[in-house]
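Participant: Take a look at this one; I'll ask things after.
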Amino acid sequence: MISGDTILFALMLVTAINVARYVTALRSLIYIMREAHPLLYQQVDGRGFFTTHGNVTKQVRLYHYLKSREYHHHHDPVFTGKCDRVRELFILSGSLLVLTTVVAFML
């Protein structure tokens, strides 16, 4: 029989991998955003997005942009595809984080 620690370790590993995928996709989205949508790049502080002094309100602006799917009106299919990917990975990573936390408290 599989122990609870093994299940928790496997969940943590899957969660860590998906969070890494999300951060990588977010970095590439911000890189593409510089060319495809310069105004949004400036609004979300693209250059300082991943720095320690990054402005949280500007990061929340990108969250709301992706949440409300405003990117569907954009003309660049690469940009809209990347936005879809980042949105899906954010939902997946968030769900896995919640699930892993619940399982950790149950064990």
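Including glycine, each Cβ sits where the backbone N, Cα and C put it.
What Swiss-Prot shows for this protein is this:
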- 6-25: transmembrane segment (TRANSMEM)
- 89-106: transmembrane segment (TRANSMEM)
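On this model, are these features tucked inside or out on the surface, and what's nearby?
Facilitator: For the transmembrane segment (89-106), the list of distant contacts is 7-8, 11-12, 14-15, 18-19, 21-22, 25, 66: same-chain residues at least six beyond its ends, Cβ to Cβ under 8 Å.
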Participant: Apart from its near flanks, which chain residues at least 6 from the ends of the transmembrane segment (6-25) lie with a Cβ under 8 angstroms of it?
Facilitator: 82, 85-86, 89-90, 92-93, 96-97, 99-100, 103-104, 107
